[in-house]
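Heads up: the structure comes next, in structure tokens.
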Amino acid sequence: PRVRSFIAHQSGITSVIRRSPDIAHRMVRSLSVSSQRNKSVAHHEDVYSHNLPPMDEKEMALYKLYRPERVTPKKRSAELLKEPRLNKGMGFSLYERQYLGLHGLLPPAFMTQEQQAYRVITKLREQPNDLARYIQLDGLQDRNEKLFYRVVCDHVKELMPIVYTPTVGLACQNFGYIYRKPKGLYITINDNSVSKIYQILSNWHEEDVRAIVVTDGERILGLGDLGAYGIGIPVGKLALYVALGGVQPKWCLPVLLDVGTNNMDLLNDPFYIGLRHKRVRGKDYDTLLDNFMKACTKKYGQKTLIQFEDFANPNAFRLLDKYQDKYTMFNDDIQGTASVIVAGLLTCTRVTKKLVSQEKYLFFGAGAASTGIAEMIVHQMQNEGISKEEACNRIYLMDIDGLVTKNRKEMNPRHVQFAKDMPETTSILEVIRAARPGALIGASTVRGAFNEEVIRAMAEINERPIIFALSNPTSKAECTAEEAYTFTNGAALYASGSPFPNFELNGHTYKPGQGNNAYIFPGVALGTILFQIRHVDNDLFLLAAKKVASCVTEDSLKVGRVYPQLKEIREISIQIAVEMAKYCYKNGTANLYPQPEDLEKYVRAQVYNTEYEELINATYDWPEQDMRHGFPVPVVRHDSMDG
């Protein structure tokens, strides 16, 4: 029909030229613009499925059924340029500029997204430090959302430390100085009712919120209580949801619960942007959390995922236990960290030739992260066939008071199962020599805790000692990659919480892996959101861990990397989401109905596309008979009108 319409249009121009050259000229110009428009649409159709393998007609029909539909924006002119979700800058075509009222508002240059991305990364590399790069990327996200995610996705290894740890910690510490534009919601202890919180949620500019990341700012990374400055963590976390998981940005909402801060430096800082009083605790705090959860589900529905982030240890497990079976929620510091560390340990089994249940594990630091990892290891050991009691006996915890033993008068209830009938000691060396662990895991934020003597002791009792120094940022890591490899003569299976550079020893290059939660939480979030999984339990996180471990290649193992390359995370996230869907549909815990015919195609069709899209919907033809007038126009003779 489009070809026939084109031929008819050409014939019409020919017949009109003799009668009215002006009308013919306008028709030719219209045809030219239409041609440009159709080329643009064709390009859009190509890039829309850029991450898919070749498909037959049936598969393409499925893909088009599953993918989100686009709608021509209602905004025009300068208002459209202010909308980061739609703005392309100099990436707008001439047709778009003219049709959307942008012509003349932009420089008369036309750039592809590739050219724009190159321009951005070049300028980023010229910045004097990582905080300056963070600020520049933050500004780009405020102006051009797709370009921001395109740059991050294209340079994920280089920019993930800028977008998230460790630079996000520095950004949070200086948030009062670098604050430019609001990116999330602030809910305070003064807003402590369901109706008040609901009103605040209603002020958010998106209605279709499916993922919320919330913090109270009390334990930001390894930096402690940063109060309202902690908003940078939910913002950064959700940026990784999009860049690494393909979650749609419009589904994401960062939230800071401001109940005050006990950080006196912030309370005395004239630039501090939060409530200026000590933290509220107890009943009022718990009521705020209850009201927040109720308001979120009232506003957005029970299916909305709520991720808890950087809550202090006394609250982290307590709130997880309280809400896990009532809401769609998880705590990434506990479950995400545990999952990614178990993934690293599963990878190590390919080198040590031992099952997870055949090793012993010594944790230095017994906070929420370590306890969560220990419990996830127990879960995996039970899957391998040993009892919970036997599994707990293979795990040793050390905290600020030393080894967790049965002699303690006061103990965290979750530590009781790991308490040992051994002499009390604060020496890591003594515990290593007594317990003879195969893995040493640090989550203490004590720089240098794994000194030369400790590392060499691990090498003496293990052919391939597992040493994970997980504390963030790098300045608080228990040991560096260089120290671990040097003091074990290259035998260590090492991973860290923040990235360390490659290291060469005895002519061999080691590329240390980073036990980053980003291998886990984007995929878990994607699967939970797309398939409306009601409860995110440890079975799903263990499933994700196994998928991550299976993606580590033999070439990676040869250079000491126990995690996949960072550039593979987005594909891993898609695979995690697919595995979650299979598991949850089998167990009746997925609530998206009807079940998609092809789960993987459904996921791939739903993930966020960082390529520019045509903003103006394609035109199409109707049957000619449906466009005719309903009656013939009578011919009126001029002479009949004479008086």
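The backbone N, Cα and C atoms fix where each Cβ goes, glycine too.
Computed from a predicted structure; not experimentally measured.
Swiss-Prot has this to say about the protein:
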type	residues	note
TRANSIT	1-38	transit peptide
BINDING	Q116, R119, R143	fumarate binding site
ACT_SITE	Y164	active site, proton donor
BINDING	R219, N313, D333, A366, A369, N472	NAD(+) binding site
BINDING	R219, N472, N516	(S)-malate binding site
ACT_SITE	K237	active site, proton acceptor
BINDING	E309, D310, D333	divalent metal cation binding site
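Each residue contributes its Cα atom, and for A366 (NAD(+) binding site) and Q116 (fumarate binding site) these two points are 47 Å apart. Residues T215, R219, I233, F308, F311, A316, N331, D332 surround the recorded divalent metal cation site, their Cβ atoms falling within 8 Å of the Cβ centroid of E309, D310, D333, which are themselves excluded.
Spread of the fumarate binding residues is 15 Å (greatest Cα-Cα distance among Q116, R119, R143). The Cβ centroid of Q116, R119, R143 marks the fumarate site; residues of that chain outside this set whose Cβ lies within 8 Å of it are G89, M90, M111, A117, V120, L140, N144, L147, given in sequence order. Taking all protein chains in view, 22 other C-beta atoms sit within 10 angstroms of the C-beta of N472 (NAD(+) binding site).
When Cα-Cα distances from the residue listed as 'active site, proton donor' are compared across the binding-site residues R119, D310, D333, N516, the shortest belongs to N516.
Between the C-alpha atoms of N472 (NAD(+) binding site) and E309 (divalent metal cation binding site), the distance comes to 15 Å. Other Cβ atoms within 10 Å of the Cβ of N313 (NAD(+) binding site), summed over all protein chains shown, number 18. Cβ environment of R219 (NAD(+) binding site): D225, D310, F311, A312, N313, A316 lie under 8 Å away, each six or more residues apart in the same chain. Long-range Cβ proximity for D333 (NAD(+) binding site), meaning a same-chain Cβ under 8 A and a gap of 6 or more residues, is found for F308, E309, D310, F311, A316, A368, A369, G372. N516 ((S)-malate binding site) carries neither a helix nor a strand DSSP state and counts as coil. Long-range Cβ neighbours of R143 (fumarate binding site) (same chain, at least 6 residues apart, Cβ-Cβ under 8 Å): P84, N87, G89. The binding-site residues considered are Q116, N516; of these, Q116 has the fewest other C-beta atoms within 10 angstroms of its C-beta. Taking only the Cα positions, the spacing between N516 ((S)-malate binding site) and R119 (fumarate binding site) is 29 angstrom.
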